[in-house]
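Engineer: Straight from Swiss-Prot, here's the annotation block:
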BINDING   PHE298, ALA299, GLY300, THR301, GLU302, THR303  substrate binding site
BINDING   CYS437  heme binding site
Amino acid sequence: MAVLGITVALLVWIATLLLVSIWKQIYRSWNLPPGPFPIPFFGNIFQLDLKDIPKSLTKLAKRFGPVFTLHLGQRRIVVLHGYKAVKEVLLNHKNEFSGRGDIPVFQEYKNKGIIFNNGPTWKDVRRFSLSILRDWGMGKQGNEARIQREAHFLVEELKKTKGQPFDPTFLIGCAPCNVIADILFNKRFDYDDKKCLELMSLFNENFYLLSTPWIQAYNYFSDYLQYLPGSHRKVMKNVSEIRQYTLGKAKEHLKSLDINCPRDVTDCLLIEMEKEKHSQEPMYTMENISVTLADLFFAGTETTSTTLRYGLLILMKYPEIEEKLHEEIDRVIGPSRAPAVRDRMNMPYMDAVVHEIQRFINLVPSNLPHEATRDTVFRGYVIPKGTVVIPTLDSLLFDNYEFPDPETFKPEHFLNENGKFKYSDYFKAFSAGKRVCVGEGLARMELFLLLSAILQHFNLKSLVDPKDIDLSPVTIGFGSIPREFKLCVIPRS
């Protein structure tokens, strides 16, 4: 028995050495950037805090430099950290790294829509979507009027709270939801509409779940975890329900489609589908249209909603900043006229606060994963085709040199010595390059106009002492999720 035990131990030891040797050969087969040595099967997963991956990546960057390699499960990942490396990848090598890295929880939609599409259609679908969004007012007066109209409805709903505590999640969220719904579907919801609240609940829940440790682990080990129960199933179910809604809207539009008189973005996409009716390989299928609409609906609602909600929490933490905003609004806009885009140039403090909110909350800290579209030489390293590339946006937004004391909320980060707004090239909250957020112009306009409208009419009142307000996210992964809170809004007149 003793001899058998020694033999088994020896065989295990030899097998381990062989496995490590093979792993080293694979690991060194490319001239990859440096990084921590991966453990077979697990890779570097134990060197990451799944509750705060961005923080773990920052620590690794201090050790291995601004470009380093990780292995997570079977996935090879190159991380870019810091302004120079991130800008170089997103702008100077935008074509080589324009692919979308796999996100297994969205695997079903890998080659459809805009956000998660890594197939042959994504460039054309994205280009056309940008074009029609601009035609329907992206960055122009059309969207300004939409947002101003919705700001009026939002203010009226806030008045109905009569100074009593309320959770702002869905009440505030209805405003950006209605703006994007009008653009996509020529549709506006009442603030108590059951379907609207149901959709926003799906958006909100998914944004939270995507940022939890389980989903982070699932996206690295989906080959094994897909068979287990877990929140990945809930995310997929929610996505399916959202897509069923957009598919229903597309079918509804198709019944009354006039190709000479499009009513909204949905009609524009359907018209393209009609043009391809006899194509052997149509790009605009009903499925692709429904996923594209779902992408735009989710992104156009949840990101702006979360940013506004986080912004209100921050302003309650710093009432002196809120007071300065009231003074600027009263001086430039007054009590009755609707805030307008043209006011931004005369409201540097509000402009700075809006930018600082986006910088400070770090909404999508690690960016969505990119992918190398071909073998690429980058800074002397060879990054093979198919490698996942993560340009960390938080490494720009929290750069100590550009934003002194970056962990503190300071509108002065975007103001010069004369109190004028100061642009920073480090501000890449919407990413950059080929995969920059298609709704950046709309989101910037919404944040400025909606926040200005709220503060024009109301004082914010916290239910706790401002110094006790916790601004740290409840979870951070795919996104930075603010803690739940209630507040009161007190009419100013």
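Backbone N, Cα and C define each Cβ position, glycine as well.
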Engineer: Look up the residue listed as 'heme binding site' in the DSSP assignment and report helix, strand or coil.
Structural biologist: coil
Engineer: Rounded to a whole number, how many Å is the Cα of THR303 (substrate binding site) away from the Cα of CYS437 (heme binding site)?
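Structural biologist: Answer for this pair: 11 Å between alpha carbons.
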Engineer: Could you round the CA separation between the residue listed as 'heme binding site' and ALA299 (substrate binding site) to a whole angstrom and send it over?
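Structural biologist: Their Cα atoms are separated by 9 Å.
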Engineer: Tell me, how many other CB atoms lie within 10 A of the CB of THR303 (substrate binding site), whichever protein chain they belong to?
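Structural biologist: I count 23 other Cβ atoms within 10 Å of it.
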Engineer: Tell me which residues of the chain lie with their Cβ under 8 angstroms from that of ALA299 (substrate binding site), as long as they are six or more apart in sequence?
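Structural biologist: Result: ILE115, CYS437, VAL438, GLY439.
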